[in-house]
């Protein structure tokens, strides 16, 4: 009888915890939605549109972009809570709330480097003309393709990566853009950038596998506590210190995931906002007058610096077109450097005459933003190619100007970050059950132990965090799953090859499938817009 009473008491406490967790979760979601609505309304209030069509396009595009992050939530984010739920370290609903909060913190402190790094894969003319018919076709094609493939693989139980899917969709749009537009005046995919992204996506699972195995072996050598290497028993939580360790690693993965994976949706949302409402979002209105004065001074210094590297015989009659051609082809011509110098002067004049970046007239906002974007990309490519061979001092001056332009054009409003975090959190609520079973029971031939879970999560946290620091996208799903596989191999448990086969199959199929899907959609939508 006492045992029955204890069980009933435990069940009541569990139900109370679940109710409080859910109430807290939905309260946070509700507050986030109100916050997003207030700030979006404030941003759009000065915008004067004669038609409701731009607002309808904005709503539809934002819903699809947030839908991508929602799917990302139950595809990838749920991995962060898999070990703490499987080991009964936290109640599932409390774990999702906890993970969602740290995802939000990760999203809020993210730099945007991953977001805009992925967008660099796109053809430059589509980025500059994102508000055109081709730009809308691009945005809708890659979003619909990414969401469709992610949902299809989830339905069939294939553990695909949202990161892979998005990269494939972008490549598909770039390739089809080159085909439908012809080679003259258009660019396809930036293959140098694509190669860097591809390396990150390829090597991060291998790193996860090897390092997780090594961490587990090191843990066994240093921490000789049998309880750490046991499977969970029933619904009983692990000892306090093991429980704390698992919660800490879950927290780290959630934070790292938010700061890396969350950025992919943010970049797409900014592309949508710039295309549909350029007057509100093309330039960073938060730049202060003092920062504007610094911007103009740094631009003048950069222009003076570029003069040193100009061939006196070289001229540029159309600076913007010449710099665009360099960004598109990566081929430095005698006209490129003088063109960049003239474009730099133009940017400085435009900002100085307006009296500040936030004061640029609405009819010039798009032009100023595109000038800055092209100039920034040109400097980035010159730095990467080390051509021209700038001195250390001159390279520093140009990098300072690039950073000023990036601050004005590559920004992400806080409400966008909150919206992405909400979508990720809701997605995690939907998808955690399937992911928990996969991670806990279907990767190895034995069930996941506490030590294996902690090792895999710790390595995933560090791998994703390092990738974020370098602005590289990685897949939480693949890093964590390969980490668990590494710990299973190191402990001698062996792997379930049906699950490994599905992982490899998803990895192999995702890129070509998403490329084909987005390319086909772009071909259709390009003719409609």
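Placement of Cβ uses the backbone N, Cα and C atoms for every residue, glycine included.
Of the given residue ranges 77-100, 101-124, TrEMBL assigns the label transmembrane segment to 101-124. Per TrEMBL, the range carrying the annotation transmembrane segment out of 160-179, 180-199, 200-219 is 200-219.
Tertiary neighbourhood of the transmembrane segment (240-259): same-chain residues 76-77, 79-81, 83-84, 87, 89-90, 95, 98-107, 109-110, 227-228, 421, 424, 450, 453-454, 457-458, 460-461, 464-465, 468, 476, 480, selected by CB-CB distance under 8 Å and a gap of 6+ residues from either end. For the transmembrane segment (20-40), same-chain residues at least 6 beyond its ends with a Cβ under 8 Å from one of its own Cβ atoms are 91, 93-94, 96-97, 100-101, 413-415, 418-419, 421-422, 425-426, 429. By the Cβ criterion (distance under 8 Å, sequence gap of 6 or more), the transmembrane segment (411-432) is not counted as touching the transmembrane segment (200-219), fewer than 3 such pairs being found.
At the 8 Å Cβ cutoff, the transmembrane segment (52-71) and the transmembrane segment (136-156) share at least 3 close pairs (sequence separation 6 or more) and count as touching. Counting Cβ pairs under 8 Å to the transmembrane segment (136-156), the stretch among 101-124, 200-219, 265-283 with the most such contacts is 265-283. Counting only same-chain residues 6+ beyond the ends of the transmembrane segment (101-124), those with a CB under 8 A from a CB of the stretch are 28, 77, 80, 138, 166-167, 170-171, 173-174, 177-178, 186-190, 193-194, 197, 251, 254-260, 262-264, 266-268, 270-271, 324, 327-328, 374, 377, 406, 410-412, 414, 417-418, 420-421, 424-425, 428, 467-468, 470-473. Sequence-remote contacts of a segment are chain residues at least 6 beyond its ends whose Cβ falls under 8 Å from one of its Cβ atoms, and for the transmembrane segment (200-219) they are 161, 163-164, 167, 228, 451-452, 454-456, 458-460, 462-463, 467, 472-475, 478-487, 489-491, 507.
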